[in-house]
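Asker: Have a look at the structure that comes next, please.
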Amino acid sequence: MQNGKRRIGVRISSNLSNHSGTNLSTSAQSDSSNIVKATECPICGLELPNLSALNDHLDVTHFNDNEKIHKRQDSINSWLTRTLNGASALQMKAAQRLWRMEPYEQNGDSSGAVGLEATKLTDSLVVKNHWQPEVPDMVCHDPMCDKLLNFINGHIHCRKCGYIFCNFHSMYQIKLSIHATYDSENGFWCRVCRECYEGRPGYNDSNGLIRSRFQTFETFRKPLADKRRIEFLRLSKRMKKLEELWTSENVSMLDALLLNKAKRLEQSIVHWQDDSVVQICPECNNSFTLTRRRRHCRLCGRVICRFCVLEISLPQHPQPLLICMSCNQNYFRNVLYQTERSKSLGYIRHIEHLQVFRQAMVNYYRLYEDSLSELLSGEIITEATLKIVKDRRKKFLELCVKYDGTMKKIANHPSSNDAEEQFKQNVVNEAKRYLQETILRLQAIPYHLQVGQAWTSESERELEKKKEQVEKKQEELMQTRIVLEEQVFLVENMIEDAKAKRKFSEVETLLSSLAPLHEEIHSITEKIHDLDLFDI
């Protein structure tokens, strides 16, 4: 190797020096022929003039590492380019595929259509009379979108409102009936805009589905509550008899302890259980022993141990009254609860009732609004639907009356100090504010709704027109009443002046002219009241 390059030539064996001169000349001739043949490249077969050219050819052509690295990098870059181009094409195809699909349920058809094709299958079922006509250079109906409706952006009719939207603003789906109304049970999946999607019934409900378990709870609770109530009444009667017994009978402490007179009197009211029958305490389930002696409850007569008995001191009783834990739970704790409740301020209970009525008003107001919106949705009005709306409105107004009555009870309740009066006044003011806001927000039922007909926008415009006429007529009547009241005021002043001047003949004339004015005012007031009811 020379200058860092590998030299290729014919290797001459070392044993040539041992040969004779004849053999040396012969081998030299053969070696010269081998050297000539060695100028051919062993890799690519290229013939070169000499060994130096062969070495240069090998170094430049076949052993250049930098060129191999560049070729390898070029091949890697070309592979990455081909892969990225293929992925981009695949992404574009997937996007086009997804763009033509709807991310919602289909109608269960067996045609195999998906996306817009499946949505178009319902076009023959749902009415299209309300669709917006197509004109050139239309833009999306969404107020925040200014896309031009074309083949790329799309031009999709909302099946509910009929307006035209782009693909992005019509990617919603709801169930509609054949009349393009909301029908979540028997409707068909149709493509709609966002406003119609969010405007469907129940979308803005925050409570969700409610299943009341009160009836089941009441079924299980009522027997237990009735049993406890009957037990409380029975124990209260026995307690009352015991108190009357000790107040009517003159029993001294000596008679009670030595002559067992108290025991006989108590047994005359409550039958005591036989000691020999009971071997285990019913309260703690322990056997009776010398240290765990038997005792009798004075209210129920059961046999209990001395560790499960409670001693209740009574004013008229010469010795403590022995009762069991069950009687203490059923009677004395109820008495204590009722006593503590009776000590609380009276208007506090009214405030609690106010909260209950308020919650009920919120629930019935929501139910009334839902039923009224369903009634005015454009569907055929049935007698049952109209009755439900009227009943809910009536129930809501009854709750408002109860709410107002409870509020007046709080206001009229006597106060012991200024702080209590200020607290009551704040509660009443808040209740008044809430009641006024609720009544003002209450939507009235249109008076000319008829069973068997549908509520339309024309009916609404007609109602507004009639309402304006009623308001105009009412304003005219009020102006007339004001004029008549001014005349009455002037006539009354004239009567007072005539009385002061003792002109009694003029007084009679003025009084006779005053009566028709009052009758006319009363008649106009009734007409205004009738118009108010008509407006409601």
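Numbering starts at 1 and runs along the chain as it is shown here.
Cβ coordinates come from backbone N, Cα and C, glycine included.
So Swiss-Prot says this about it:
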REGION    1-31  region 'Disordered'
COMPBIAS  12-31  compositional bias 'Polar residues'
ZN_FING   39-62  zinc finger
ZN_FING   136-201  zinc finger
BINDING   CYS158, CYS161, CYS193, CYS196  Zn(2+) 1 binding site
ZN_FING   275-332  zinc finger
BINDING   CYS281, CYS284, CYS305, CYS308  Zn(2+) 2 binding site
BINDING   CYS297, CYS300, CYS324, CYS327  Zn(2+) 3 binding site
Asker: Averaging the per-residue pLDDT over the zinc finger (275-332), what integer do you get?
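Answerer: A mean pLDDT of 83 is what the model gives the zinc finger (275-332).
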Asker: What is the total of other Cβ atoms whose distance to the Cβ of CYS193 (Zn(2+) 1 binding site) is within 10 Å?
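Answerer: By my count, 25.
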Asker: Name the one residue among CYS158, CYS193, CYS196 whose Cα is closest in three-dimensional space to that of CYS324 (Zn(2+) 3 binding site); these are the binding-site residues.
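Answerer: When the Cα distances are compared, CYS196 comes out closest.
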Asker: Around the Zn(2+) 2 site formed by CYS281, CYS284, CYS305, CYS308, which additional residues qualify by having Cβ within 8 Å of the site's Cβ center?
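Answerer: Apart from the listed residues, the neighbours are PRO282, GLU283, ASN285, ASN286, ARG292, ILE304, ARG306, PHE307, VAL309.
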Asker: 10 Å Cβ neighbour count around CYS324 (Zn(2+) 3 binding site)?
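Answerer: Step by step: centre on the Cβ of CYS324 (Zn(2+) 3 binding site), count other Cβ atoms within 10 Å, giving 25.
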Asker: Using the CB centroid of CYS158, CYS161, CYS193, CYS196 as the Zn(2+) 1 site centre, which other residues of the same chain sit with their CB within 8 A?
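Answerer: Neighbours within 8 Å of the Cβ centroid, excluding CYS158, CYS161, CYS193, CYS196: ARG159, LYS160, GLY162, TYR163, PHE165, SER170, VAL192, ARG194, GLU195, TYR197.
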Asker: Applying a 10 Å Cβ distance cut-off over all chains shown, what neighbour count does CYS305 (Zn(2+) 2 binding site) have?
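Answerer: The answer is 22 other Cβ atoms.
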Asker: In Å, rounded, how far does the Cα of CYS158 (Zn(2+) 1 binding site) sit from the Cα of CYS305 (Zn(2+) 2 binding site)?
Answerer: 81
Asker: May I have the list of same-chain residues other than CYS297, CYS300, CYS324, CYS327 whose Cβ is within 8 Å of the Cβ centroid of the recorded Zn(2+) 3 site, in sequence order?
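Answerer: The answer, listed by sequence position, is ARG298, LEU299, GLY301, ARG302, ILE304, ILE323, MET325, SER326, ASN328.
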Asker: Pick the one among the binding-site residues CYS158, CYS284, CYS308 whose Cβ has the fewest other Cβ atoms within 10 Å in this structure.
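Answerer: Counting other Cβ atoms within 10 Å of each of the binding-site residues CYS158, CYS284, CYS308 gives the minimum at CYS284.
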Asker: Return the count of C-beta atoms lying within 10 angstroms of the C-beta of CYS161 (Zn(2+) 1 binding site), excluding that atom itself.
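Answerer: That number is 17.
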